[in-house]
Amino acid sequence: MAVMAMAAALRGPSGRFRWRTQATAGGVRGSARGAAAGRQDYNLLVIGGGSGGLACAKEAAQLGMKVAVVDYVEPSPRGTRWGLGGTCVNVGCIPKKLIHQAALLGGMIRDAPHYGWDVAQPVLHDWRKMAEAVQNYVKSLNWGHRVQLQDRKVKYFNIKASFVNEHTICGVTKGGKETLLSAEHIVIATGGRPKYPTHIEGALEYGITSDDIFWLKESPGKTLVVGASYVALECAGFLTGLGLDTTVMMRSIPLRGFDQQMSSLVTEYMASQGTRFLKHCTPSRVQKLPDGQLQVTWEDLTSGRENMGTFSTVLWAIGRIPETRSLNLENAGINTSPNSQKILVDAQEVTSVPHIYAIGDVAEGRPELTPTAIMAGKLLARRLCGQSLDVMDYSNVPTTVFTPLEYGCVGLSEEEAMARHGEEHVEVYHAYYKPLEFTVAERDASQCYIKMVCLRKPPQLVLGLHFLGPNAGEVTQGFALGIKVPGPQACLEPLLMESLGGGAGPPTSR
Ligand SMILES: Cc1cc2nc3c(=O)[nH]c(=O)nc-3n(C[C@H](O)[C@H](O)[C@H](O)COP(=O)(O)OP(=O)(O)OC[C@H]3O[C@@H](n4cnc5c(N)ncnc54)[C@H](O)[C@@H]3O)c2cc1C
């Protein structure tokens with residue numbers, strides 16, 4: 001009874017719990033206990049308004065649950081901030097793909113005279129104009145997400161959440177105001193953020209990450225991209241395509257986890273387009289010169305020599321860390337992986353606490369991709385509402401790297417296939433091909449390549465498909481369907497032949 005009175009006293013006009021830390025610390029305990037006793041504000045509370053969180057919240061609300069979403073963007077160390085929608089919308093897939101398109105257009109303008117267009121030279125690119133257009137589009141998506149939440153009666157809070165107990169979170173606004181929210185079910189979909197190297201002098205002070213590059217108002221100029229991830233190569237690719245002097249510094253192999261033959265072709269093509277690569281090198285210091293330029297010192301791991309170079313921008317693309325650190329997961333008893341700090345989940349996305357779930361980039365073992373986060377969120381909502389028992393199938397998810405020559409793949413890399421099945425049981429069909437649009441424009445097609453990794457034993461089940469060439473995303477999706485949908489896979493060969501376009505010979509096995 002005393003607990004109920006305390007909880008009632010702490011309720012704000014909207015019926016939600018409101019509380020200020022020090023003044024009513026006892027009240028927090030009371031309301032939190034009240035929530036644990038079964039008087040929750042919401043059926044479902046989603047922490048994180050990104051790809052997975054928004055999809056889950058909207059689906060659950062549509063199916064009749066009382067739902068709230070809390071989302072808060074901690075500004076990047078450079079001070080960049082953005083709106084609702086998460087990584088993909090604001091600092092990931094969407095702006096990346098649009099700037100990739102801007103870079104591809106540069107290539108098409110160079111092709112255009114071959115096709116009869118009289119293009120006045122020189123053709124210049126205006127970063128400011130592009131950035132404004134991209135940023136305005138992203139802002140329209142932020143607005144669209146807010147409207148969609150409103151339409152579906154999902155309550156949105158712009159607060160940073162952390163757990164008070166297993167049914168209650170405390171959210172803090174930008175201005176420091178605190179709110180307590182409780183729910184029967186809680187979904188954690190807080191994603192991740194780019195990693196900064198902690199041991200390199202000047203890295204945090206002078207460097208930027210993918211959280212900043214898409215929001216720059218001015219061109220980054222001569223850029224050093226540090227890293228070999230897909231984010232590193234995609235950023236370096238579009239910067240080169242926009243005409244900027246771009247260098248990629250990598251310690252070891254490009255695109256770890258992807259097929260290594262394909263990865264080498266990706267970087268080979270980038271080098272042919274003007275991206276410089278400093279392989280087996282690692283930066284040790286970044287210093288700001290009086291003229292504002294950044295002087296980077298690095299070690300060449302092969303020769304052991306120290307080198308220096310000057311850049312306008314240094315972009316760290318050395319990986320991402322899950323957003324679990326400030327969630328106070330221990331207050332709810334949620335377990336994380338000691339290595340990755342990601343939240344441990346089972347096939348139903350359930351954490352170590354039965355009514356708390358984790359989806360998307362923050363969950364251990366999940367692909368860091370938007371469509372999988374969205375689908376996982378929708379399926380979870382349907383299960384929570386008793387509409388379905390379906391769980392997300394994370395196998396054979398197609399993915400594309402949007403480098404200047406795009407690389408799409410689905411299934412196993414050649415290395416993985418051999419490791420799993422033994423080299424003697426794997427057969428690889430492959431072909432170099434020339435995309436039709438490269439012919440008239442006399443583009444070099446040396447790296448346009450496709451390979452199919454199969455089991456040798458008939459009926460030669462396709463384990464993986466790898467495609468390097470224009471529109472790889474669209475091409476791979478088609479093949480993915482053939483690989484994903486059970487049934488005879490013989491249909492893949494005509495598809496493969498079709499995709500090779502004019503002039504290519506039949507794929508050969510090796
Ligand atoms: C440069 C780049 C390019 C990418 N390109 C692609 C691509 O082409 N295709 C693709 O499929 N994927 C791409 N991705 C990956 C994709 O963006 C992510 O996989 C996807 O956004 C993950 O969704 P999510 O819901 O797990 O998290 P997010 O979309 O990251 O959303 C998490 C949200 O939670 C918020 N949050 C975090 N902590 C709290 C808290 N304590 N309280 C309240 N809110 C919080 C965050 O601010 C964020 O808004 C790219 C990523 C990057 C960085």
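Including glycine, each Cβ sits where the backbone N, Cα and C put it.
Owing to the predicted nature of the structure, the values given are computational and were not obtained by experimental measurement.
Summary of the site annotation: TrEMBL records NAD(+) binding at G227, A228, S229, Y230, V231, A232, L233, E234. Screening the candidates G116, G319, G333 against this entry identifies G319 as the one listed for that site. Of all the recorded positions in the list C88, C93, S229, the shortest Cα-Cα distance to D361 (FAD binding site) is found for C88.
DSSP assignment over the domain 'Pyridine nucleotide-disulphide oxidoreductase dimerisation' (397-485) gives 29 helix, 29 strand, 31 coil. Close contacts with ligand 1, defined as a Cβ under 6 Å from any of its atoms, occur at C88, V231, D361 among the recorded positions C88, V231, L233, G319, D361. In the predicted model, residues of the domain 'Pyridine nucleotide-disulphide oxidoreductase dimerisation' (397-485) average a pLDDT of 96.
Long-range Cβ neighbours of K97 (FAD binding site) (same chain, at least 6 residues apart, Cβ-Cβ under 8 Å): F402.
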